[in-house]
C-alpha cells in the first residue's frame, strides 16, 4: 500500500507543492463524502478536492477533523461556485467555505467554471488574487478553463493560475489544452480519469490491465500520471480508494501509453465549458 510519504509531489508556479494524486468528492452525499475522505486519509491520500457546488464541504471538514492528520500534511482544494462569481462575492464565498470546512485556509482555491461574461470571471480572478494575498488560500487556480479563458485572465491580471483542473481521460486526452497549460507553467489536474466508469470495460484498457496485472482503474490513473498530470479520482468504496492509490510501483510501456492515447475521440461526460452556465 502507498503511504502518504511515498506519494510524489509537483512544485506549482508559486513554489507551493501539491500531491500528484487525490480524492474528489463530487456528487457524493454528506455521509458518503465523510466516509470516503476518512478512508482516503487512512489509506495515505493527502489531497482532498471538494467544491461549494458539491454541498459537502462540511462533511469533508468533519472527516478531516476526525482523521487526526495534521493540517500541515493536507492539501485541501475547494472551488468557487458560479453563483458567487465576482470580485467581492468570490472573497465572501471562500470565507463561507472555510467556515463549513472548519479550516483557517485552503491550499488551493479554484474558479469552478468560466461561466458568464469575460468580465465576470476576470473580476473573480481578482478576488482570488486578493484571497491569496490575505493568506486564506495558499494557491489559486481555475477549473474547466480553455485556452481563451486562460488568455483572458492572464492578459488582464498579469497573474497566472497555478492549476487548471479539467475533465481528462483517454477518450478526451486534452493534448492541446495540456500543451497550453504547460506553456504557461500551469499544472494540469485531471478529473473523471475513469471516464465516469465507461472506460473500465474498454478492450484496450482491460488488455493493458491484464498485461500489467492491475485493475483497469489503476491503468487509467497511471496513464494520466505518466502524462504529467495531477489526478483526482472519486469513489465511495474504501477498497477502491485504496486500490486507486496503488499506482506508483509500475509503469506503462510506450506502446501501452500510445494505445490509450489513440482512444481520444473528444468525448465529454461532463458539461462543455464553452456552453455551461451552471454552478
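Just so it is clear, glycine is given a Cβ too, placed from its N, Cα and C backbone atoms.
Database features, via Swiss-Prot:
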type     : residues                                    : note
ACT_SITE : 54                                          : active site, proton donor
BINDING  : 194, 196, 232, 234, 235, 240, 243, 244, 270 : NADPH binding site
### Message
Just to verify: the residue among 194, 232 with the fewest other Cβ atoms within 10 Å, which of the binding-site residues is it?
### Response
194
### Recorded NADPH binding residues, 194, 196, 232, 234, 235, 240, 243, 244, 270 - maximal Cα separation rounded to whole Å
24
### C-alpha spacing of residue 54 (active site, proton donor) relative to residue 243 (NADPH binding site), in angstrom
24
### Query
Just the number: how many Å between the Cα atoms of residue 235 (NADPH binding site) and residue 54 (active site, proton donor)?
15
#### Entry: Length of the line joining the Cα atoms of residue 270 (NADPH binding site) and residue 54 (active site, proton donor), in Å
14
#### Entry: Rounded distance in angstrom between the Cα atoms of residue 194 (NADPH binding site) and residue 54 (active site, proton donor)
19
### Task
Could you round the CA separation between residue 232 (NADPH binding site) and residue 54 (active site, proton donor) to a whole angstrom and send it over?
15
